[in-house]
Amino acid sequence: MDRMTLSLPLIFLLMISDRCVSPALQVKAPQLVLEKERVNLTCETTCSLTDGFIWYKNGQALKIQSETLQLQSERSDSGRYSCAVRGHQHLPSPAVNITVISPKSVSVSISPSGEIVEGDSVTLSCSSDSNPPALIFSWFKENQTSAVGSGQSFIISSFNSSHSGRYYCEAQNQHGSQRSASVSVSVKVVGHLVILYIFIGVICGAAVGIVIFLIWRSRWMKKRNDSMESQRNHPRPHHDRHKACDVTEPVYENVTMNHPRPHHDRHNACDVTEPVYENVTLDGKRL
């Protein structure tokens, strides 16, 4: 009787020891977790007595030793998780993939970012930081039911007024889709620009013309002043005046007056002989 009493604990311990030689482990956790959502991962084992657990993320041991692993569900928490009984690290559980789904932030950017002139090439780009990454992008124009383009970039090679409007993109991954806020794209009217450019050109041309005129006038005035100054400083000699008056004009060369001018008067003025009147006769006398 006593022998049986002593052997029962030994048999019970042997049974427990045999069951934990090859423990069956399983991680219970949801595969999809929303960001900021608290989630618990539980390591289930067939061993009723354990010295603790070891958790692994992507094959790297964590510091948590309890049966339950709590996550705050950050994007960085996504990965493959497994657990093992301490002392049996060589027998981990099958890994479970945990994906933290973050809110999808979808936005649109325009290139060029400034004013768009008719005929320009315009590129609309769609970006999304969703997890998992978006794989499908569609483009829509407001007030149109069907998509106007696809892909992460939408290019309008020759933009004109018919392309003006509000555009938005829709990003989609395996968990759903999300659309961006719409952006306005419009063509700049070039008529006002042409008038402005012409006006600026006229003003510039007039300014250049005025500058050239002022330079020419300044040089002309300087030249004139220099000439007048030279004449004042160097008066013409006396014999030059006589030479200036010694002009023979053939038109009046043969003209004779009834009252000839005194000799000294003729000397005071220029002696002009003009041949046109050389043979004219006054009072019956031949001139």
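Including glycine, each Cβ sits where the backbone N, Cα and C put it.
If you check TrEMBL, you get these features:
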- 1-23: signal peptide (SIGNAL)
- 23-99: domain 'Ig-like' (DOMAIN)
- 103-184: domain 'Ig-like' (DOMAIN)
- 194-216: transmembrane segment (TRANSMEM)
With DSSP as the reference, give the number of residues of the domain 'Ig-like' (103-184) in helix, strand and coil.
3 helix, 43 strand, 36 coil
Within the domain 'Ig-like' (23-99), how many residues are helix, strand or coil going by DSSP?
3 helix, 36 strand, 38 coil
